[in-house]
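A short worksheet on the structure shown next.
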Amino acid sequence: MRPSMDYIPVLVLCFSLLLILETVTAIDTINTTQSIRDGQTLISADGTYVLGFFKPGKSKSRYLGIWFGKISVVTAVWVANRETPLNDSSGVLRLTNKGSLVLLNSSGSIIWSSNTSRSPTRNPVAQLLDSGNLVVKEEGDDILENSLWQSFEHPTDTLLPEMKQGWNKITGMDWSLTSWKSPDDPARGHFIDTLSPSGYPEILVIEDSKVKYRSGPWNGLRFSGSNQLKQNPRYTFEFVYNENETFYRYHLVNYSMLWRLVISPEGDLQRFTWVDQIQSWLLFSTANTDNCERYALCGANGICSIHNSPMCDCLYGFVPKIRSDWEATDWSSGCVRRTPLNCSVDGFQKVSGVKLPQTITSWFNKSMNLEECKYMCLKNCSCTAYSNLDIRDGGSGCLLWFGDLVDTRVFSQNEQDIYLRMAASELGNGDGTKVNDKSNTKKMIILSSVLSTGTLLLCLAMVLCIRNRKQRRNREVSGGFERNCNSNLRKENLDLPLFDLYTLADATMDFSEDCKLGEGGFGPVYKGTLKDGREIAVKRLSKFSRQGLDEFINEVKHIVELQHRNLVKLLGCCIERDEKMLVYEFLSNKSLDFFIFG
């Protein structure tokens, strides 16, 4: 009898090990007999995402949510009970026999439910996928379209890769993002990021029912007002418009990267990527890049250009509606036509390089060419402008506007054109369909010739004078700026060499597109080769970004500090005229462009 007693400690030890193993084994799926309590989690198969209970920021409330699992910073991407927080750690998540997820509080009351509308034919299960999507499905059915419910169709403030932003025309489901109230409160805030359901779709940020930001319509490559969002080796875009659904989403080329798009509590659309080297999220791009992004800043029929001062002007053929307001830099009243339209004799004026106007009252056709589009606009007296719907391969499709043209801006690097309807007298004998007043045209030609002859010599003299003065001022400003930068660098104990603009231009073949590695939220990066054979990467800060000298010095200081962590070596900087650039060593075996752009 005694020998058998010796096995008891061994059995106890084995049983304990089994309990521990069951506790620590990560699971990604639960069925109707299982639950998730506060302190327990579901973990996606590859460990990228975690479902469980968390406490945001300084809040004392508990929420059921999904966050990134492999990083040191808890970053929630989805919240179930954002409007009904738990006051303690008594929350329990269960799956009902009808396939609904329910969240219970300490009294057993349901405070959140997925409200699954379709009953399963077999046993339902809930699974957290490697994409971060929590799905309820019939056991054994891995076809996503057959899911009973999925969190991707009920987003909160974050858009992940493969998530759709738009709407389902069959079910009426709206895939929009809604900001948090604050970093500590995931309840619905004041801002909504949505794909507009009227006219030709475009992304809108709406604050309490008023549009704050507009992306411009999709042009085949990107949204016409989102010049930063270009196809690149890291991700691709997809825009779908058919009889069943309309949506936009992006796909990662490298799925090991962590990306997210967030509508912040302040209403800014921000794209972040995780950088392992610094264990932090890096802001890749933001919609709020300059003042011209403010919706309808220049009013109806106005156009905004960050290059100009003041930045608002009227579109060609238009004049300020209330001139005194414009002189006081209040452009909200917009512009009106200088010459009224006359349907039978109107023509069109081409305006190039723009963010297209608001499309809420637009009409479109995917099969027309540009000439057919022009004719369609011409025969409708209410049509005020037209453009190609898709700018790829020389252009295709037709987009028509009716009424005022709202929220147009200049994009010097944008290949988008628009054709504005004009009275024939505004065009002379140009692109109008009928121009009968030839005598007025002759008078204008004679008058223009006389004026141009009388002012030609004066203009030449003024140009020479202005150019000499500008060159002298640039030398003075550049010198002062460089001295100021040198002084600030010395104060920060940063002994960095200054490169001159000529050297960097020569190294990058005058900053040619062939040398461009890519482009981030604050400017492009070029690969170059110095005279001594060293390969470099030049980050050229956009002239129209908001970064001033102090911010530039802070960035230099930050990068120098990071060099101690074996990151990319900063060789120096360039401050000349209105140029500010950082010069890195180029390492072909490292993703330098990824670190610089995010």
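Glycine residues also receive a Cβ, built from the backbone N, Cα and C atoms like all the rest.
Sequence annotations record features per position, and here TrEMBL assigns signal peptide to 1-26. For 27-149, the entry in TrEMBL reads domain 'Bulb-type lectin'. Per TrEMBL, the feature domain 'Apple' maps to 343-423. Per TrEMBL, transmembrane segment is recorded for 444-466. Taken from TrEMBL, the feature domain 'Protein kinase' applies to 511-598.
Across the domain 'Apple' (343-423), mean pLDDT in this model comes to 92. Applying DSSP to the domain 'Bulb-type lectin' (27-149) sorts its residues as follows: 3 helix, 49 strand, 71 coil.
Helix, strand and coil counts from DSSP across the domain 'Apple' (343-423) read 15 helix, 33 strand, 33 coil.
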